[in-house]
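Annotated domain 'YjeF N-terminal' per TrEMBL: 9-213, in sequence order. Annotated (6S)-NADPHX binding site per TrEMBL: 57-61, 125-131, D156, A258, G325, H376, D441, in sequence order. Look at TrEMBL and you will find N58, D121, S159 tagged as K(+) binding site. What TrEMBL records for 223-500 is domain 'YjeF C-terminal'. What TrEMBL records for K411, G412, K413, F414, S415, G440 is AMP binding site.
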Amino acid sequence: MKILSAQQIKAADAYTIANEPISSIDLMERAASACAQWISAHFSSSETVHIFCGKGNNGGDGLAIARLLWEQDYKVQVYIVEVSLHATDDFTANLEKLPIQPQYIHASHEVPSITTGIVVDAILGTGLNRPVEGWLAGVFHHINNLQQQIPILSIDVPSGMMIDSSSEKSTCIHARYTLSFEVYKLGFLLPENAERVGEIVLLPIGLHPEFLQRESTPYHIVDAAMVRALYQPRKSFAHKGTYGHALLIAGSYGKIGAAVLSAKACLRSGVGLLTTYLPSCGYNIMQTSVPEAMCITDPRNELSMQFYTLVQEKQQYNTIGIGPGLGTDVSTAKGLEKLLLQYKQAMVIDADALNIISQYPRLLDQIPANSILTPHPKEFERLFGATSNQFERLSLLREKAVQYKLYILLKGKFSAIACPDGVVYFNSTGNPGMATGGSGDVLTGILTGLLAQGYQSKVAVLLGAYIHGAAGDAAAEQLSQEAMVAGDIIDFLGEIFKKLPN
Ligand SMILES: NC(=O)C1=CN([C@@H]2O[C@H](COP(=O)(O)OP(=O)(O)OC[C@H]3O[C@@H](n4cnc5c(N)ncnc54)[C@H](O)[C@@H]3O)[C@@H](O)[C@H]2O)[C@@H](O)CC1
Ligand SMILES: Nc1ncnc2c1ncn2[C@@H]1O[C@H](COP(=O)(O)OP(=O)(O)O)[C@@H](O)[C@H]1O
Ligand SMILES: [K+]
């Protein structure tokens, strides 16, 4: 699914109006009725609905929602917040059709104290062009300070939030739900807006499919339809050689669990053969807990230069996954450097392997093209430096993926996957139950397994991120977010693979 900028959404609007064709006021009516329907499906008509409207088209939506709910016997109060002198035509047309008398608000103290019902925020939408400050900021504070039991529903965008750039400094409505039209907005996907957006509900409003299809954007959402198209079912005459041989280099004394989790996830992702390369202390643990994996050990407790010779001698590996629980010992760093000089196929690099690369940045140039890096935000910062906000971090992510010809998956909710062509995909699966030690090791295993069995890097990273999150969602559904652990993600992979064939 494409993510459009404010400018593109405006163009989509205009294209729909011209080519469906539909009048602008009827398109607004369609958007408002989608919102009114959602509200009536979720809140009883005994609730009073307090609707705050600006004077742009977001406010116009609010007025139309007010009328539609009033017609369904909701008690409705409308407050027109005088954000500007100018009102749009569609706002004015809907004001004329409003069956009740609105109250006008010119100052923060004029906001009524609301003790029951629900609040609808239709003050500012995608037309926000500067930070909200002054008395309007006071109005927003007042609304945000309403008692917790009063849900705030923002229409299209929480008022005060920019969708294409950072608005950390703008005062913003904190919504419990954002009822947004047709497409995700970039700002919804970045952690800086998490407290503002609340739960996102996307409502289709019939924007012209031709426009959506032909418009290009660097930002996309990875959804179920996309991964179903990427998934390749196994061939009936396949043998274990068909699905590749992966080498997983992981673990150090006290962190063999990371290697075990990665190995299990790699095997449960369909790899043909897996060899793990571990420090000697990991041998018994791996052979006992993952008998399907072959095991080569380094004589030391840290992985050393030996993994250089290993790879040099045994080029049969289709890919290498390196990093989980690895440690950053100097001998390991030397080994990694030699590995990068020798091994030229796309690989998966995670955790301490990334930390080593941050310590020796010259190694960045040695990473094979199309490799997949999976930093969490701290590892990303160590690798590429700090940025002043998350939109800038996203630009840096794209820049580095292009510069080094890598797939870089920046982990978190809506993990951002930047590709060597500068396109960014945001993963839509996963939940806070996955914020638990080892979840990232599982991801590395999945990606290594997919890459080894022949998926191209781009497909492996999109498919892998999606099924990792989806298996986490299935685990949380069954066990709760609190009680699930990283190993449970592996246990639910099968359930997700079963749903992939078209
Ligand atoms: N295709 C779509 O997505 C559709 C969008 N519609 C609605 O139209 C909205 C966009 O409407 P508009 O472009 O009129 O924009 P807004 O409704 O966001 O209002 C913009 C107005 O607010 C003023 N303003 C901007 N920043 C301000 C600030 N910080 N303080 C005070 N005033 C400020 C501007 O000068 C302008 O007058 C969308 O968010 C959506 O709700 C729907 O009506 C129909 C279809
Ligand atoms: N709140 C969340 N929503 C969605 N996914 C999450 C959330 N928290 C963590 N995850 C996912 O879990 C994984 C955690 O990885 P990481 O931080 O490397 O953990 P570890 O180092 O413990 O293995 C990432 O893939 C991340 O996207
Ligand atoms: K709004």
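Backbone N, Cα and C define each Cβ position, glycine as well.
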When a 10 Å sphere is centred on the Cβ of G440 (AMP binding site), how many other Cβ atoms does it contain?
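Looking across every protein chain shown, the total is 25.
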Across all protein chains in the structure, which of the binding-site residues N58, N129, S159, S415 has the highest Cβ count within 10 Å?
S159
Reduced to three states, what secondary structure does DSSP give D156 ((6S)-NADPHX binding site)?
coil
For the AMP site (K411, G412, K413, F414, S415, G440), what does the 8 A shell look like? I mean other same-chain residues with CB within 8 A of the CB centroid.
H376, L409, L410, A416, N427, G430
List the binding-site residues N58, D121, T126 whose Cβ sits under 6 Å from any atom of ligand 1, in sequence order.
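Within range of ligand 1: N58, T126.
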Of G60, D156, H376, G412, which binding-site residues come within 10 Å of D121 (K(+) binding site), going by C-alpha to C-alpha distance?
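Near D121 (K(+) binding site) by Cα: D156.
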Specify the nearest of the binding-site residues N58, K411, K413 to H376 ((6S)-NADPHX binding site), where nearness means the distance between Cα atoms.
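With Cα distances computed to H376 ((6S)-NADPHX binding site), the winner among N58, K411, K413 is K411.
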Measure from the CA atom of K411 (AMP binding site) to the CA atom of D156 ((6S)-NADPHX binding site) and give the result in Å, rounded to a whole number.
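Answer for this pair: 26 Å between alpha carbons.
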Going by DSSP, is K411 (AMP binding site) part of a helix, a strand, or coil?
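The three-state answer is coil.
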I'd like to know which of the binding-site residues listed (G60, T126, K411) lie near ligand 2, counting only a CB under 6 Å away.
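The qualifying binding-site residues are K411.
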Let me know the model's mean pLDDT on the domain 'YjeF N-terminal' (9-213).
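Mean model confidence (pLDDT) across the domain 'YjeF N-terminal' (9-213) is 96.
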Quick test of your reading of the structure: among the binding-site residues T126, S159, K411, G412, G440, whose CB sits under 6 A from ligand 3?
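The ones that qualify, in sequence order, are S159.
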Rounded to the nearest angstrom, how far is the Cα of F414 (AMP binding site) from the Cα of T126 ((6S)-NADPHX binding site)?
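Here the two Cα atoms lie 21 Å apart.
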